[in-house]
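Visitor: Pulled these from Swiss-Prot:
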type     : residues : note
COMPBIAS : 10-21    : compositional bias 'Low complexity'
COMPBIAS : 26-35    : compositional bias 'Basic and acidic residues'
COMPBIAS : 164-174  : compositional bias 'Pro residues'
COMPBIAS : 181-200  : compositional bias 'Pro residues'
COMPBIAS : 254-271  : compositional bias 'Polar residues'
DOMAIN   : 34-91    : domain 'bHLH'
DOMAIN   : 110-143  : domain 'Orange'
REGION   : 1-44     : region 'Disordered'
REGION   : 157-200  : region 'Disordered'
REGION   : 254-280  : region 'Disordered'
MOTIF    : 275-278  : motif 'WRPW motif'
Amino acid sequence: MPADIMEKNSSSPVAATPASVNTTPDKPKTASEHRKSSKPIMEKRRRARINESLSQLKTLILDALKKDSSRHSKLEKADILEMTVKHLRNLQRAQMTAALSTDPSVLGKYRAGFSECMNEVTRFLSTCEGVNTEVRTRLLGHLANCMTQINAMTYPGQPHPALQAPPPPPPGPGGPQHAPFAPPPPLVPIPGGAAPPPGGAPCKLGSQAGEAAKVFGGFQVVPAPDGQFAFLIPNGAFAHSGPVIPVYTSNSGTSVGPNAVSPSSGPSLTADSMWRPWRN
């Protein structure tokens, strides 16, 4: 018996040796596995940063609005963000009002700069081929809406743009020129489907240029979101001694004005009597 026990004890280390030799270390994790394993930690850190920033923003906005923080201890995240947006808008209006009181031409400069940028975008889209027509129309319509909102912007102590005196005509008998910091040119709407002005040739467009912005004789045609088109007329075209009466062209080619008559009630006006701003 003792011999058998000694034999078993002596053989047990030898039997365990091959098992320990055959063990292999764990394979290193790939980049995707590492990102997957660390994603919960990163998400936790991200939420902690958001909550910390919102907490600081809450303290700042309550101090700026001079509100008691004890009464607003349970503000939701959306409420904090809305209060911040409103406060920043009020600050922006106050800064614009202060700037206008110092220099009344600030708003005019802003409008002139926006109008110039809009003209550059329209000119690029009019001459660039391969641009999707739907995207082009949506972009030009969005810019036209923004231009309308900017023209309607008023601040305390400043008259409405519609009540302001028209800008003086540019000096010299040359073509239409924009004076420095002049307000944006007016838009003359034309019903959808109207024929383009025959006085000028359109610039180079893509295959679907019929629905995009065009330039005829120096005047830009901007499509509106409701399917109509509008002429972008320079200020120099309105430098007349008498009042200017806009004339709209319909699909039939007849003019519609204060003295116009329908084809059924009387003879239509001739082509010479139609006012064409794109002709000198």
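Glycine is no exception: its Cβ is also placed from the backbone N, Cα and C atoms.
On a predicted model such as this, the values are computed, not experimentally measured, just so you know.
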Visitor: Under DSSP, the domain 'Orange' (110-143) has how many residues in helix, strand and coil?
Guide: 29 helix, 0 strand, 5 coil
Visitor: Report the mean pLDDT of the predicted model across the domain 'Orange' (110-143), rounded to a whole number.
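Guide: Value for the domain 'Orange' (110-143), mean pLDDT as a whole number: 90.
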Visitor: Do you know the DSSP helix, strand and coil residue counts for the domain 'bHLH' (34-91)?
Guide: 46 helix, 0 strand, 12 coil
